[in-house]
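A short write-up of the structure that comes next.
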Amino acid sequence: MSKEKIAIAYSGGLDTSIMIKWLKDKYDAEIVAVTGNLGQQKEIENLESKAIATGASKFQFLDLRKEFVEEYIWRALKAGALYEDVYPLATALGRPLLAKAIVDTALAEGCTMLAHGCTGKGNDQVRFEVTFASLAPHLKVLAPLREWEFTSRESEIAYALEHNIQVSATKKNPYSIDENIWGISIECGVLEDPMVAPPEDAYQITTSPENAPNTPAVVEIEFEKGIPVSLDGKKMSGLDLIIRLNEIGAANGVGRLDMIENRVVGIKSREIYEAPAATILHFAHRELERLTLEKSVFQYKKNISQDYANIIYNGLWFSPMRKALDAFVDETQNPVTGLVRLKLYKGGVSLLGRNSPYSLYNEELATYTESDTFNHKAAAGFIHLYGLGLKTYSEVHTAK
């Protein structure tokens, strides 16, 4: 009788490294390790040999970067999705795509089970398992971190050392790091105390603002229907544009985020993020929307932005609601075409200029010079009608 097969999400980190051996021993199963390239900078060429050495029978490496940018990141950017107005959702956006890739691999390899290395009090367990249920409800899902005997990262490290499993986490380097092209999340260690400033060694790519260049960097980003298409006058793919903005932003200390956020499971957590390109692009996109969107659309879209961010954060990417919101967002983005010029300086992003063929800014109406075409006399009648309801209310209630 052939062994059962388990497809697992494999990153090469502490949890998934020891998970291979633990699952193999517990279920006497073959392990198919799946790694998705979402633009992480850490070395990935040695992951296959590491997974096999740890006990996996097969390793699948999938380059998901193009799909990640075009089908996930750009949708979130067009929606203006920032969780609780801060987090650009790098990890949260990557999880449904990675989970989908694991399901596809599992079905192709004849696996009967899926496994992830998410903790029992984190968000990612929800994101993976809801996606698994959406795409392959017939496959059994295993969550080793919710049931195994290890109670701390220290005990996991000890298990790894006992079984000669190579891991980068040590008691001297206790950070848990997740990375993709849209951002890096850093947690654990001293970061769990919200009164402790993040040590410099916690940051992975960004220069400290104090040590950033004394000369500002100026960038020009061109958008077409809400999607960035060129940087400094050069047309480029979305992937290349994000990579370049990450380099420029990181060098200038842009994109460091420190927040207390509300997790799906009901607790608050302290998270450190590095997201240079995401910070720059969300800022530029929002300023172009200010120029091109009609007032009621611009103001209402803020509600949609938060709803969209919540959907991503809560693991509901494949829900009908997300698809329905996409239809609204896509309609709003038709005029969001134009150029935005920004200054990046010592961690800050500031606006230098913007223009668009669909600009709703009319200088002749806005100016206070003699070229003013605004009908000032019309204001009196407008104000009378605009305030008539409150005037009537006041007259009635004052009289009583």
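Glycine too: its Cβ is placed from the backbone N, Cα and C atoms.
D15 (ATP binding site) counts 23 other C-beta atoms within 10 Å of its own C-beta, drawing on all protein chains shown. As annotated by Swiss-Prot, ATP binding site applies to A9, Y10, S11, G12, G13, L14, D15, T16, S17, G117.
DSSP gives Y273 (L-citrulline binding site) a strand state. Sequence-distant neighbours of Y273 (L-citrulline binding site) (same chain, 6+ residues apart, CB-CB distance under 8 A): Y87, P88, A90, G183, I184, S185, I186, G255, R256, L257, D258, M259. Marked as L-citrulline binding site by Swiss-Prot: Y87, N123, R127, S176, S185, E261, Y273.
According to DSSP, D124 (L-aspartate binding site) is assigned to a helical segment. Sequence-distant contacts of D124 (L-aspartate binding site), defined by Cβ-Cβ distance under 8 angstroms and a gap of at least six in the same chain, are T91, R95, H116, C118. Feature annotation from Swiss-Prot assigns L-aspartate binding site to T119, N123, D124; the stated evidence is sequence analysis.
Reported as a whole number, the C-alpha separation between N123 (L-citrulline binding site) and A9 (ATP binding site) equals 15 Å.
Using a 10 Å Cα-Cα cut-off from T119 (L-aspartate binding site), none of the binding-site residues among S11, G13, S17, S176 qualify. In the structure as shown, the Cβ atom of G13 (ATP binding site) sits within 10 Å of 17 other Cβ atoms. Between the farthest pair of Cα atoms in the L-citrulline binding residues (Y87, N123, R127, S176, S185, E261, Y273), the distance is 19 Å.
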